[in-house]
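Per TrEMBL, domain 'Galactose-1-phosphate uridyl transferase N-terminal' is recorded for 4-177. Residues or ranges marked as UDP-alpha-D-glucose binding site by TrEMBL: 29-32, 62, 78-79, 154, 160-162, 169, 316-317, 321-322, 328. The annotation active site, tele-UMP-histidine intermediate is assigned in TrEMBL to 167. Look at TrEMBL and you will find 183, 283, 301, 303 tagged as Fe cation binding site. Annotated domain 'Galactose-1-phosphate uridyl transferase C-terminal' per TrEMBL: 184-350, in sequence order.
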């Protein structure tokens, strides 16, 4: 008699419809011993206000400008931008293998809070709501002229964050980046074939099946996606309504977004009882010249990509097979979702304070 397939025991491929590619799932590899690199745990004794930190209120930045004594969010032009609005036009190239194109834009930095020892899961719902409103404001402002506005946060030194201060970046460009172009194509194809936006249909299916849900409320659902690559990767989705862009969110949806973000990020921190590192970002319908186009295939969503796998000091590396063949993961999305789902929603730091 043939052995029955079990996702948690037998390797298999899963299709990612957003990227039109596949991921190899090999959950049995979690049993192998680890003798590889061990990361340094994140710093926990961060000073609340360090005059030497260029993101703090009143601090002087590299360009000589002094930050105001802000008390909520604070946005400024990146002192070392990857995109500038007045870059000259490159030569088109004299051969199809040597092509270049225009790249113009602006890069901004947004501080979430004046305190360096604060992170989103430790902030109040009102403070997180202020972050959400500022995201929307920037998306409208930059989206008036630029094709793509990428809001993203790199949290933790492990993810390349150079300043221990709660902040994100916003890069706006006159072109659609690779991931945006890919998601535009796949969502458009899905709508043409099935008559409903891909991620609206997906959110409804996950809400019914429950096995990959981490947290949910009346407006939002967070899942470890069926096709996840990173161990504890999550996808944050509107669960009931078709929402193309961040600025289309209603007042109540912004409140419930603040709540579900706090719940998710608290669970992340509680997983290994550290300030959990990740890269995250929002994807929505293109802007600028696309504002008047039919973008009904788009559904707003946020990706969270945390690198940690086994503990606070063991991370997932994308090397070898992943770089040369295809993505591979050692933990099924269902196992990851169950671990996150079962974690408490009271932050471990707050619990420590209560018991000390």
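Cβ from N, Cα, C; glycine included.
Here the features listed in TrEMBL are placed on the structure.
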residue	record	Cβ within 10 Å
79	UDP-alpha-D-glucose binding site	13
161	UDP-alpha-D-glucose binding site	16
167	active site, tele-UMP-histidine intermediate	20
183	Fe cation binding site	25
283	Fe cation binding site	23
301	Fe cation binding site	22
303	Fe cation binding site	20
316	UDP-alpha-D-glucose binding site	21
322	UDP-alpha-D-glucose binding site	16
Fill in the blank from the handout: Keeping only the recorded positions of 167, 183, 283, 301, 303 whose C-alpha lies within 10 A of that of residue 322 (UDP-alpha-D-glucose binding site) yields none
Problem - Between the residue listed as 'active site, tele-UMP-histidine intermediate' and residue 161 (UDP-alpha-D-glucose binding site): CA-CA distance (Å) - result: 9
Fill in the blank from the handout: Over the domain 'Galactose-1-phosphate uridyl transferase N-terminal' (4-177) the mean pLDDT stands at 90
Completion exercise
Integer Å value for the Cα distance linking residue 301 (Fe cation binding site) with the residue listed as 'active site, tele-UMP-histidine intermediate' is 19
Problem - Shell of the Fe cation site beyond 183, 283, 301, 303, same chain only (C-beta within 8 angstroms of their C-beta centre) - result: 18, 179, 199, 235, 281, 282, 284, 302
Handout entry: Rounded inter-Cα distance in Å - residue 303 (Fe cation binding site), the residue listed as 'active site, tele-UMP-histidine intermediate'
Key = 17
Problem - Cα proximity to residue 167 (active site, tele-UMP-histidine intermediate), best match among binding-site residues 79, 183, 283, 316 - result: 79
Handout entry: C-alpha spacing of residue 316 (UDP-alpha-D-glucose binding site) relative to residue 283 (Fe cation binding site), in angstrom
Key = 24
Exercise for the section: Determine, to the nearest whole angstrom, how far the Cα atom of residue 79 (UDP-alpha-D-glucose binding site) is from the Cα atom of residue 183 (Fe cation binding site). Expected result: 30
Handout entry: Inter-residue Cα distance where the pair is residue 316 (UDP-alpha-D-glucose binding site) and residue 183 (Fe cation binding site), in Å
Key = 24
